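Q: The structure is given below, and queries will be raised subsequently.
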Amino acid sequence: MARPVPTIDEIRQAPKVLLHDHLDGGLRPATIIELAGEIGYTDSLPSTDPDELGRWFVEAANSGSLERYLETFDHTVAVMQTAEGLQRVAAECAEDLAADGVVYAEVRFAPEQHTARGLSLSEVVAVVLSGFAIGSHRAAEAGHQIRVGTLLTAMRHQARSMEIAELAVEFRDEGVVGFDIAGAEAGFPPTRHLDAFEYLQRENFHFTIHAGEAFGLPSIWQAIQWCGADRLGHGVRIVDDIARTPNGHRIGRLAQYLRDKRIPLELCPSSNVQTGAAASIAEHPIGLLHDLRFRVTVNTDNRLMSGTSMSREMALLAEAFGYGWNDLQWFTVNAMKSAFIGFDERLALINDVIKPAYAKLIG
Ligand SMILES: [Zn+2]
């Protein structure tokens, strides 16, 4: 008899690891409304009812219109311009992830987007880090242990990547564990920021690059072979380098390289369906990439815009592909192995937290 698929309530109890989550994509609707009230932004919000506002974000992200999708971030970023606002959003992010059973998360944000009301880049980073510390402490008091690492993101259409890379290295002992570039891929190849990536490599620092989401193989190839990315943000289009054959699959050289080198793919199923990178969860390439044993990880991307959580992403995959606890453990261990914290710390979380919990679930 086939084992029942784990339910979302069961999955919430299991330890999970999240590597790709945007701070400005995960606010609580009620917090947006309160912070908007404090800074005189209320009239610009689509709704002042938390449930209605939450639905608006998901609908706008579902609309297929890039304009409406981008508008969602105008509202979240607008209320993340003060020390109080940023700290609160970061603290609640840590609490929400912990309550969902996430034991280790890397949350990213772009400091340059939070200076409109006079905060300096360093102040933005310091206050977000303090927010994560406050939220992690509160979560521990509520019985949920979480460790949050921070990634600093540079916007790929801007020219501040070197400055942000230096900022990330400056805060490496304060909780910043890596660097990322994000934003529209088309027309802004990662090699545009080569100096920043070369600097990070000389500093022995870690970075991931949003690549292979909307755009295909050339973007992935540049991110890995020119820029030296440790991980790929999405990377889902690597399936373009894999062809079905009558006896199985033919894997192209780039895909083979990724698989051989165990390069982590930060896959975000619901987000990919919203942006059209995948037609549905059931048709998401994660199924194929899992079967071919790429270093696949499961992520949320923007929890508010996708109306999702780590548990929900895993529950959707379990339902679509029939995944059981062994598969969910595999995703979780993959993510932990791919984290940007030190080897000893990763191993401790795998051996002391993740494996014992899944051993009970697998039974
Ligand atoms: Zn992303």
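Placement of Cβ uses the backbone N, Cα and C atoms for every residue, glycine included.
Feature table excerpt (TrEMBL):
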type	residues	note
ACT_SITE	Glu213	active site, proton donor
BINDING	His20, His22, His210, Asp301	Zn(2+) binding site
BINDING	His22, Asp24, Gly183	substrate binding site
DOMAIN	15-355	domain 'Adenosine deaminase'
SITE	His234	site 'Important for catalytic activity'
Q: Mind running the recorded positions Asp24, Gly183, Glu213, His234 against ligand 1 and keeping the ones whose CB falls under 6 Å of it?
A: none
Q: Give the distance between the Cα atoms of His20 (Zn(2+) binding site) and Glu213 (active site, proton donor), rounded to the nearest whole Å.
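A: One finds 13 Å between the Cα atoms of these residues.
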Q: Return the residues near His234 (site 'Important for catalytic activity') by Cβ distance under 8 Å, restricted to its own chain and a separation of at least 6 in sequence.
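A: Result: His20, His210, Ala211, Gly212, Glu213, Leu265, Glu266, Leu267, Cys268, Asn272, Ala277.
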Q: Are there any residues in the same chain, six or more apart in sequence, whose C-beta is under 8 angstroms from the C-beta of Asp24 (substrate binding site), and if so which?
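A: For Asp24 (substrate binding site), the qualifying residues are Phe73, Thr76, Val77, Met80, Phe109, Ala110, Gln113.
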Q: If you measure every Cα to Cα pair among His22, Asp24, Gly183, the residues listed for substrate, what is the largest value in Å?
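A: For the residues that bind substrate, the greatest Cα distance is 13 Å.
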Q: Return only the integer: C-alpha distance in Å from Gly183 (substrate binding site) to Asp301 (Zn(2+) binding site).
A: 13
Q: Taking 10 A as the limit, how many CB atoms besides its own sit near the CB of Glu213 (active site, proton donor)?
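A: Around the Cβ of Glu213 (active site, proton donor), 25 other Cβ atoms lie within 10 Å.
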Q: Given the Zn(2+) site residues His20, His22, His210, Asp301, which other residues of that chain have a Cβ within 8 Å of the mean position of their Cβ atoms, reported in sequence order?
A: Asp21, Gly25, Arg108, Ala182, Gly233, His234, Glu266, Cys268, Ser271, Asn299, Asn302
